[in-house]
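**Student:** Quick one: the structure is below, and I'll ask about it shortly.
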Amino acid sequence: METRTAENTAIFMCKCCNLFSPNQSELVTHVSEKHGEEGVNVDDVIIPLRPLNTPENPNPSKGGDEFLVMKRKRGRPKGSTKKPSTEEEVVENLVSPSEDGPLATEEGSRLAPSSLECSKCCRKFSNTRQLRKHICIIVLNLGEEDGDAGNESDLDLEKTYKEDDREKASKRPRAQKTEKVQKISGKEAGQLSGAKKPIISVVLTAHEAIPGATKIIPVEAGPPETGAPPPETTAADLVPRRGYQEYAIQQTPYEQPMKSSRLGPTQLKIFTCEYCNKVFKFKHSLQAHLRIHTNEKPYKCSQCSYASAIKANLNVHLRKHTGEKFACDYCSFTCLSKGHLKVHIERVHKKIKQHCRFCKKKYSDVKNLIKHIRDMHDPQDKKVKEALDELRLMTREGKRQLLYDCHICERKFKNELDRDRHMLVHGDKWPFACELCGHGATKYQALELHVRKHPFVYVCALCLKKFVSSIRLRSHIREVHGAAQETLVFTSSINQSFCLLEPGGDIQQEALGDQLQLAAEEFVCPEIDVRKEEACPGEAQPEVGLRELVVPGDAHAPPPGPLATPQSESSSLSPCKLETTVVSSDLNSLGVVSDDFLLKSDTSSAEPPAAAEATSDTQHRDSAQTQGEEVTLLLAKAKSAGPDPESSPGGRQKVGALPASESDSSTCLRANPTEASDLLPTVTDGGDLGVCQPDSCTPSSEHHPGSTAFMKVLDSLQKKQMNTSLCERIRKVYGDLECEYCGKLFWYQVHFDMHVRTHTREHLYYCSQCHYSSITKNCLKRHVIQKHSNILLKCPTDGCDYSTPDKYKLQAHLKVHTELDKRSYSCPVCEKSFSEDRLIKSHIKTNHPEVSMNTISEVLGRRVQLKGLIGKRAMKCPYCDFYFMKNGSDLQRHIWAHEGVKPFKCSLCEYATRSKSNLKAHMNRHSTEKTHLCDMCGKKFKSKGTLKSHKLLHTSDGKQFKCTVCDYTAAQKPQLLRHMEQHASFKPFRCAHCHYSCNISGSLKRHYNRKHPNEEYTNVGSGELAAEALIQQGGLKCPVCSFVYGTKWEFNRHLKNKHGLKVVEIDGDPKWEPAAETPEEPSTQYLYITEAEDVQGTQAAVAALQDLRYTSESGDRLDPTAVNILQQIIELGSETHDAAAVASVVAMAPGTVTVVKQVTDEEPSSNHTVMIQETLQQASVELAEQHHLVVSSDDVEGIETVTVYTQGGEASEFIVYVQEAVQPVEEQVGEQPAPEL
């Protein structure tokens, strides 16, 4: 409507919608039609606006338009080509030139603050130019093409804001534009932003313009009810508002398991803002967006009062103080933001324009092109609509609402790159695969992080196939190399395996002693790589990545870096051992060298070594050609000095290789060829071990990029050579329960079972309120608290309203309020700064894994340690060699046993114990109350454990322990042992108050405690008889030691537990054989042969052991024939000596000593013991592999003379320890060495 003609008349305005009219009756009709339901008074809504006197024009020659233009204080933005428009300035002042100045100034100042606020996201701006370029204003109605007629005013409003800059003011009446601006500038703007409809759901629809894409469409609630708000609204406002809604899109599960053990995510989460209903795919971008609504600006400048909600904006601002700017390469343009420089180059120099498909217009910005198409072309047209959909994808608003679909499994992804990587999963081969566990990755970085999780790499000594655990290695040897000796092959494989050590990992020197140090000195793992020559000599093959061999003691070697072995640690190695000829002879002796690797050394030697290599190359060229393939072994020069070693003819060494099918397997070679040849002694002799044939054992990987990537990752990792002693030491520290799937070690079975379920995906705990399931009970408990409870943990800081159901999130939030964690942490490698310690730790572990933990500790100012890959490390007892879990109660009780402390004491008697549970069980003896009732038979018990054991009797498979004499079965082993007392023919222990008798003193004491608690313990039986008397009454004497047992089952149990033997009757004659190896028993078995009653028989046994070449690997493989030979030898000298003198001959592994104390039949055998397996760590000499030690005694009364028989060594150089055996106590204490003889 036109208002210029009413110079002296009043103009009426509707306060509800800011509608102007010179006729009051028209506004009355308007209010009754539009605002009648609101119950407003017409006189209060319609107000008259009367013009004031216009001040004198200082320049009468110029009109009011020019006067308003001259008042503009802000000029053109830097770099802008737009000219000032008088119409825009009139819009900014919100008045017409015909109106009086004072009224215009007052009205403009009153409406200006609200006019600079976005009606969609409520963000405020300092000027109209920023508001017009705001993303919400530009794309406000991009998704409202099909809107109803009630939104026409809003559509016109947006068109006003998105009006093209080139259109002049004369095209549209000035008053009409003023009216439209006021529609969002006045009071209703706040109403629109405050009455935003909440989102109740999210709908996914297929995108019309892009195949394979899905658009996220939020569904808003219905229109709010007009009328007074309910009284509950005030109470609801008091609840802390989270500010966003979270939606989970269920992912389609895989129809068949993937090659990887991982399962894809079952849900895809998206988020919506509760204030402006915007959709976000990532939570971090939503959190940054929410700061706009909360006016939170945590990033503050330390030099001025500037603050920002986004950290990147603060970084740009700081360049104002530092003077750092980005300069254009084509002109003198400079700016503070790298993004602004990119836009400048595209617009000014590259002349990149966005062309309209329907006319000849072109724009420098996609947003302006979208605005042009909507204003000048019909959005309802099909082609126009498709063009708009494509252009929206070039904006942040359009990309934010787009998901990408997999057309095979219909899974959805937040970005196109993840979808493309996922498509590789449906192929035949993973692009990046792990050869140890079969894990597949679609990124090289993901494979690199995955391989670092494997603590060990076990290599088969025959076929060089790699395994993630020793369990799979044993299974492989048993299934594929069944004809070979399993123990010998397994030991050789352990010696060729290695452990992957991350810098700062959890294999520490204080835990493993000097084992790693010795392994590093005796072995240098060569960094090897592949170079296979094709039939075409002119075609070059790409390098896979050369591995570096650190040569200690070399004068030309570079200083040791983070991954290099220190020169001082391995100075005993001679550099001549690493010559090419030595390596080639080493490889030929083994016969199992793969052609996949190159041997590279960081040496900068001159031409003489190269000439020697050339000579060696000439000598071995013919032998290499007979193998059908050539393998290049290269001692390369340093990267920074010397010519390319590949181009040097003297830098090549050809040796024999394996077939092509084994070319992708790796091995670690010893620097000493003699040690390497000893690993597989029967391979070169053509024995049973033989080289694995290609058809019988094919490596897991073929020649494809995944295998190459895995080898490159393996080459870049730090390694330590493994051996049997180091392996046993690691298992003693970290536990002997090994995970088959990843090689991790555990101490306790409950932890091991829980870990295995992470690989098998066996979920035992299910949520009763949703479909959630978890592996552990704690995860389920945390889920219930977070998702299904109204428990909120509030921040205790004054003035902070933060609350969360997760205690871990609250702990992370509390760091914001601490001054210590507000400091910035800088990466020592790339100098990138982080605000939290966890962020810099994750950054270093991901991007700079070579940084040691000491460096990270210095950066953070405290000692830190990454999560152990092997497992939880145990602590050694300060009094003995036993290991216990770190900070565990078992260690404390063990130390109390050494110190004789029993802190838990009974208040009713003198009983004391070191365990609280034992005290609780003891207190049940003073109580007659039985509170635990069996629901099957009604029997009552005092403790829960007793009830649990009793319930096993009601199950079919509960009685697993059977008597070997009668049909008795028991649910527990102690019950069976108690039953076996009934079958004893001789019972030397008898009660003085009843007819009870038994053959064990402990059973009689238990009888007194239960049946005669007030009587003193007294044995009225004959007590323990001498060995001869017990034998006369049917007892059995141990053939190894002097113990005699009254029953056969006690005798068999003694042989199995103490000596590892079992009785096997062959044709009626009893024979002693080594007991079958069980998982609980150690891998090294000690075989006790027979009795020897004089020195002569002992010497004969030693000679027999020398002929049999007894070693630790073959000790448990001796057949009964060899045992019988030794028995016959010992019996040769037994006729001329006293039969009362009893000694033992034992065959032991290298490095052990056995001390046997001679006793007579009159002495009670329970007062002494046989000490075995005392490791000679204090010896001044090192034992070779074939050393054997047999120790016996010549004195009858006591040990005064010790005879030591050795093979290849001086007996005087060994230290022998003797210790008296003690009676068993409640807590077994580790044996302490006695003074040396």
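Glycine is treated like the rest: Cβ placed from N, Cα and C.
Not measured: the values here are computed from a predicted model.
Feature table excerpt (Swiss-Prot):
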- 12-35: zinc finger (ZN_FING)
- 50-110: region 'Disordered' (REGION)
- 70-81: compositional bias 'Basic residues' (COMPBIAS)
- 116-141: zinc finger (ZN_FING)
- 147-188: region 'Disordered' (REGION)
- 156-186: compositional bias 'Basic and acidic residues' (COMPBIAS)
- 271-293: zinc finger (ZN_FING)
- CYS273, CYS276, HIS289, HIS293: Zn(2+) 1 binding site (BINDING)
- 299-321: zinc finger (ZN_FING)
- CYS301, CYS304, HIS317, HIS321: Zn(2+) 2 binding site (BINDING)
- 326-349: zinc finger (ZN_FING)
- CYS328, CYS331, HIS344, HIS349: Zn(2+) 3 binding site (BINDING)
- CYS356, CYS359, HIS372, HIS377: Zn(2+) 4 binding site (BINDING)
- 404-426: zinc finger (ZN_FING)
- CYS406, CYS409, HIS422, HIS426: Zn(2+) 5 binding site (BINDING)
- 432-454: zinc finger (ZN_FING)
- 458-481: zinc finger (ZN_FING)
- CYS460, CYS463, HIS476, HIS481: Zn(2+) 6 binding site (BINDING)
- 551-576: region 'Disordered' (REGION)
- 565-574: compositional bias 'Polar residues' (COMPBIAS)
- 601-617: compositional bias 'Low complexity' (COMPBIAS)
- 601-671: region 'Disordered' (REGION)
- 737-759: zinc finger (ZN_FING)
- CYS767, CYS770, HIS783, HIS788: Zn(2+) 7 binding site (BINDING)
- CYS795, CYS800, HIS813, HIS817: Zn(2+) 8 binding site (BINDING)
- 825-848: zinc finger (ZN_FING)
- CYS827, CYS830, HIS843, HIS848: Zn(2+) 9 binding site (BINDING)
- CYS877, CYS880, HIS894, HIS898: Zn(2+) 10 binding site (BINDING)
- 904-926: zinc finger (ZN_FING)
- CYS906, CYS909, HIS922, HIS926: Zn(2+) 11 binding site (BINDING)
- 932-954: zinc finger (ZN_FING)
- CYS934, CYS937, HIS950, LEU953: Zn(2+) 12 binding site (BINDING)
**Student:** Specify all same-chain residues, apart from the site residues CYS767, CYS770, HIS783, HIS788, whose Cβ lies within 8 angstroms of the center of the Cβ atoms of the Zn(2+) 7 site, ordered by sequence.
**Tutor:** SER768, GLN769, TYR772, LEU780, VAL784, LYS787
**Student:** Please list, in sequence order, every residue of the chain apart from CYS273, CYS276, HIS289, HIS293 whose Cβ lies within 8 Å of the Cβ centroid of the Zn(2+) 1 site.
**Tutor:** CYS121, GLY243, TYR244, GLU274, TYR275, LYS278, LEU286, LEU290, ILE292
**Student:** Would you say which of the binding-site residues CYS460, CYS827 has the most Cβ atoms within 10 Å of its own Cβ?
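**Tutor:** Neighbour-count leader: CYS460.
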**Student:** Are there any residues at least 6 positions away along the chain from HIS843 (Zn(2+) 9 binding site) with a Cβ closer than 8 Å to its Cβ? List them or say none.
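**Tutor:** Set apart from HIS843 (Zn(2+) 9 binding site) by at least 6 residues yet with Cβ under 8 Å, we have CYS827, LYS832, PHE834.
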**Student:** Do at least three CB pairs under 8 A connect the zinc finger (404-426) and the zinc finger (299-321), leaving out pairs fewer than 6 apart in sequence?
**Tutor:** no
**Student:** Rank aside, I only need the closest one: which of the binding-site residues HIS349, CYS906, HIS926 has its C-alpha nearest to that of HIS426 (Zn(2+) 5 binding site)?
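**Tutor:** In terms of Cα distance, HIS426 (Zn(2+) 5 binding site) lies closest to HIS349.
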**Student:** How far is it from HIS476 (Zn(2+) 6 binding site) to CYS880 (Zn(2+) 10 binding site), counting Cα to Cα, in Å?
**Tutor:** 38
**Student:** Taking the recorded Zn(2+) 12 site as CYS934, CYS937, HIS950, LEU953, identify the other residues of that chain whose CB atom sits within 8 Å of the mean position of the site's CB atoms, giving them in sequence order.
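**Tutor:** Nearby residues not in the site list: MET936, LYS939, LEU947, LYS951, HIS954.
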**Student:** What is the number of other Cβ atoms found within 10 Å of the Cβ of HIS377 (Zn(2+) 4 binding site)?
**Tutor:** 17
**Student:** Out of the binding-site residues CYS276, CYS359, CYS934, give me the one sitting nearest to HIS788 (Zn(2+) 7 binding site) by CA distance.
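**Tutor:** So, spelling it out, the nearest of the binding-site residues is CYS276.
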**Student:** Suppose the Zn(2+) 4 site is CYS356, CYS359, HIS372, HIS377. Which further residues of the same chain have a Cβ inside 8 angstroms of that site's Cβ centroid?
**Tutor:** ARG357, PHE358, LYS361, LEU369, ILE373, MET376
**Student:** Please tell me which one of the binding-site residues listed here (CYS273, CYS276, HIS422) sits closest to CYS795 (Zn(2+) 8 binding site), measuring Cα to Cα?
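**Tutor:** Its closest listed neighbour, by Cα, is CYS273.
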**Student:** Just name the most isolated of the binding-site residues CYS276, CYS877, CYS880, CYS909, going by other Cβ atoms within 10 Å of its Cβ.
**Tutor:** CYS909
